[in-house]
Amino acid sequence: MSDSKMDKLARMAPLPRTPLLTIWLAINMALIAQETGHKRIHTVQAATGGGSMLGDVNISAILDSFSVSYDKRVRPNYGGPPVEVGVTMYVLSISSLSEVKMDFTLDFYFRQFWTDPRLAYRKRPGVETLSVGSEFIKNIWVPDTFFVNEKQSYFHIATTSNEFIRVHHSGSITRSIRLTITASCPMNLQYFPMDRQLCHIEIESFGYTMRDIRYKWNEGPNSVGVSSEVSLPQFKVLGHRQRAMEISLTTGNYSRLACEIQFVRSMGYYLIQIYIPSGLIVVISWVSFWLNRNATPARVALGVTTVLTMTTLMSSTNAALPKISYVKSIDVYLGTCFVMVFASLLEYATVGYMAKRIQMRKQRFMAIQKIAEQKKQQLDGANQQQANPNPNANVGGPGGVGVGPGGPGGPGGGVNVGVGMGMGPEHGHGHGHHAHSHGHPHAPKQTVSNRPIGFSNIQQNVGTRGCSIVGPLFQEVRFKVHDPKAHSKGGTLENTVNGGRGGPQSHGPGPGQGGGPPGGGGGGGGGGGPPEGGGDPEAAVPAHLLHPGKVKKDINKLLGITPSDIDKYSRIVFPVCFVCFNLMYWIIYLHVSDVVADDLVLLGEE
């Protein structure tokens, strides 16, 4: 009955007079409405063909049939051959690689493939593979895969869980999930910062041994992929490789897969921040070689500043690295730079020390020269007195020479020599008179030789002729500091000034210096020959003291070099050594660090 007929019936029917009639009309109208609704439903189904509803019902039935007699606690083929789980990975990004923490973080797609015969279904047209949501994973068995060297992992859930399941009609399962994992990466920093690191991710079953699960790379050598957009601030991805291995533990043997990624460090940062500044600091330390050695504040300040700067640079570099016990390549470079800078500071210390020693030697030689000149003047005065001998053999007065009558054995005989050094006449006359009063009455008369008298002459005559020397010649000048040239001969400054071998107090006769015959020459020794040391006035004083101009060059040198020579040599030696070190350093370390892992799939060759 149509709607128009119902409207006509309602208009034609009189108003109900009893409740029974009202109920009857309500029932009829309800039946008419139900019939009309069924007609509308059949009309919609006829328009759409009715296939989608049938498909929905079939897929739901397939999914519902999986739960019938399915136990997700039991692996497929339990008691039979192990389940083969294929694995593929595709690295989306690598966010960090830390030397301090020894780990790296990467974001990747992780896919697993296995077969579960219990999930097989009859193939229908258009229904070869079922793509279902992540909730379905709770209803089936999945491998208990974990990452062996994982430190921290993150599962992405925005906007929904980043995971899907695909069930093939043959029972093969594909599970894909997106993960971000921080995994440990032990590093060898021996060649840092020219090192290459090989980091890996290890995949293994947590509970199933090889009798239950075996892992394999599902697509062979192409099972691991790395996006070409992967980049890091300090590293470049050189390539990757994959391995399959068996691990023996106390609980059994386990199948394990390893994906290894090799990184090569970029040198730009370390060249700009460490290598170039440290090299320039070494070059700056060489500036002190061109400064005047008397500019102590400038050279010391420059040396100390460069040393402290290198120390700060080394400390800041090692602060950003782990506390390792072996030597890194950057430690070799920085250590050498520090030694070069420190050596330049020690070079100035050496120059200053040598200059001080040479200055002290000059002052000492000037004092010796002054004393030698005074001695020479004394000898010249004595020789002049010898040129005009006194018949009485007694020369008094300042600078006079008195010869007493005493013989060689006389107790008081001798020659009184008074060389004027500001002494009064009473000294010369007094000593001469003393010699006469104590001389032997029958001693032969002594004469003084016309030959010039030196220190050696006087010393040899002492005791030979029974002479004694008094006066200013015995006013000795003694120094505790050893003269370098006399030191090698065992002499002191005192010996140098007083004639070398013999001192003024060597009164006893030596070998061959026996008493001469009476009346002999005043300077004669045994046999009347010339005494040791000669009669030259300059023989009493070494030539290098009487003629300082001849040894001026030696005075300005210490160990054969001068302080200026050290600066000149340093200007050449230091740069040459540093350049040679740099050549050897870069050639050796760049060669030994250029190591590529075997069977590595380079990033551009995928």
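Cβ coordinates come from backbone N, Cα and C, glycine included.
The signal peptide feature in Swiss-Prot is assigned to 1-44; the stated evidence is sequence analysis.
Feature annotation from Swiss-Prot assigns topological domain 'Extracellular' to 45-268.
Just so you know, the Cβ of Asn58 (N-linked glycosylation site) picks up 14 other Cβ atoms within 10 Å once every protein chain is counted. Swiss-Prot lists Asn58 (among others) with the feature N-linked glycosylation site.
Sequence-distant neighbours of Cys199 (disulfide bond) (same chain, 6+ residues apart, CB-CB distance under 8 A): Leu97, Phe104, Ala183, Cys185, Glu260, Ile261, Gln262, Phe263. Among the features that Swiss-Prot reports, disulfide bond is placed at Cys185-Cys199, with the record citing similarity to another entry.
The feature N-linked glycosylation site is assigned by Swiss-Prot to Asn253 (among others), with a curator's inference given as support. Secondary structure from DSSP puts Asn253 (N-linked glycosylation site) in a beta strand.
Residues 193, 233-234, 298-299, 302-303, 306, 309-310, 313, 317, 330, 333-334, 337, 340-341, 344-345, 347-348, 567, 570-571, 574-575, 578, 582 of the same chain lie 6 or more positions beyond the ends of the transmembrane segment (269-291) yet place their CB under 8 Å from a CB of it. Annotation comment: Swiss-Prot describes 269-291 (among others) as transmembrane segment.
Cβ atoms under 8 Å from those of the transmembrane segment (297-316) belong to residues 274, 277-278, 281-282, 284-285, 287-288, 291, 334-335, 337-338, 341-342, 344-345, 348 of the same chain, restricted to positions at least 6 beyond its ends. Residues or ranges marked as transmembrane segment in Swiss-Prot (evidence: sequence analysis): 297-316 (among others).
Positions annotated as transmembrane segment by Swiss-Prot, on the basis of sequence analysis: 333-356 (among others).
Model confidence over the topological domain 'Cytoplasmic' (357-568) is summarised by a mean pLDDT of 52. As annotated by Swiss-Prot, topological domain 'Cytoplasmic' applies to 357-568.
The feature compositional bias 'Gly residues' is assigned by Swiss-Prot to 396-425 (among others).
The compositional bias 'Basic residues' annotation in Swiss-Prot covers 430-443.
According to Swiss-Prot, the feature compositional bias 'Gly residues' maps to 499-536 (among others).
Residues annotated as transmembrane segment in Swiss-Prot, with sequence analysis given as evidence: 569-590 (among others).
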Starting from each candidate's C-beta and looking 10 angstroms out, tell me which of the recorded positions Cys185, Asn253 has the most other C-beta atoms.
Cys185
Where Asn58 (N-linked glycosylation site) and Asn253 (N-linked glycosylation site) are concerned, what is their Cα separation in Å, rounded?
43
